[in-house]
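Before any comments, here is the structure.
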Amino acid sequence: MIYAGILAGGIGSRMGNVPLPKQFLDIDNKPILIHTIEKFILVSEFNEIIIATPAQWISHTQDILKKYNITDQRVKVVAGGTDRNETIMNIIDYIRNVNGINNDDVIVTHDAVRPFLTQRIIKENIEVAEKYGAVDTVIEAIDTIVMSKDKQNIHSIPVRNEMYQGQTPQSFNIKLLQDSYRALSSAQKEILSDACKIIVESGHPVKLVRGELYNIKVTTPYDLKVANAIIQGDIADD
């Protein structure tokens, strides 16, 4: 089976003094989360589309789904965890408890606050994850990346054409991700906050799918302005 895991567990502290977590803020008069969910509903390959949100915001999430006529029976809401990977594991726990987990099951995990992903990106994630077990969505780095260990001096400058900026979705064979996560120590779980990094550290290759420059993560007030400009300028592909 193929699952979507929409990661809406953040509280949006970088957004500043706002009344709601960032995933519930509006762009073009509609919550960011709804824009994102609508992209996933269009993909018939998904058996279930699971939203993980803070426990105290589950009722609000269900209310906005009703308000914006998200009636697709594949859409479920579960409680997120204390961090990103725990949120993904909560989704996997839900899958295991409801359907069980088969060897070829795939999960496409995606930031709820990246509302501009395309059908191509989603479908390529599914295809590559089914074939290879793990995939990250990336774009080539445009700017030169510098590394500093003390935040004052440059210590190295990586070769730019080897650098990529990670986006989401990140997609996995569920058993591969679950087993790799369970093999981590508590200390490793604190450090390895990215699911793809967990797979890389396990020794399993992670394939790349081409993202889009406009597949932005809306985390700051500036991002919110950019997101509205993307919609109003009809920049993003369908």
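In case you wondered, yes, glycine gets a Cβ from its N, Cα and C as well.
Remember, it's a predicted structure, so these values are computed and weren't measured experimentally.
Per Swiss-Prot, CTP binding site is recorded for Leu7, Ala8, Gly9, Gly10, Gly81, Thr82, Asp83, Arg84, Asn85, Glu86, Thr87. Among the features that Swiss-Prot reports, site 'Transition state stabilizer' is placed at Arg14, Lys22. Feature annotation from Swiss-Prot assigns site 'Positions ribitol 5-phosphate for the nucleophilic attack' to Arg160, Lys217; the stated evidence is sequence analysis.
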Report the largest Cα to Cα distance, in Å and rounded to a whole number, among the residues Leu7, Ala8, Gly9, Gly10, Gly81, Thr82, Asp83, Arg84, Asn85, Glu86, Thr87 that the record lists as binding CTP.
12
Counting distance between Cα atoms, which of the recorded sites Lys22, Arg160, Lys217 is nearest Gly9 (CTP binding site)?
Lys22
Could you state the CA-to-CA distance between Lys22 (site 'Transition state stabilizer') and Gly81 (CTP binding site) to the nearest Å?
17
Cβ neighbours within 10 Å, counted over all protein chains: which one of the recorded sites Lys22, Arg160, Lys217 has the most?
Lys22
Among the binding-site residues Asn85, Thr87, which residue has the largest number of other Cβ atoms within 10 Å of its own Cβ?
Thr87
Would you mind listing, in sequence order, the residues at least six apart from Gly81 (CTP binding site) in the same chain with a Cβ closer than 8 Å to its Cβ?
Gly9, Ala52, Thr87, Ile88, Met89, Asn90
Using C-alpha atoms, which one of the recorded positions Leu7, Asp83, Asn85, Lys217 comes nearest to Arg160 (site 'Positions ribitol 5-phosphate for the nucleophilic attack')?
Lys217
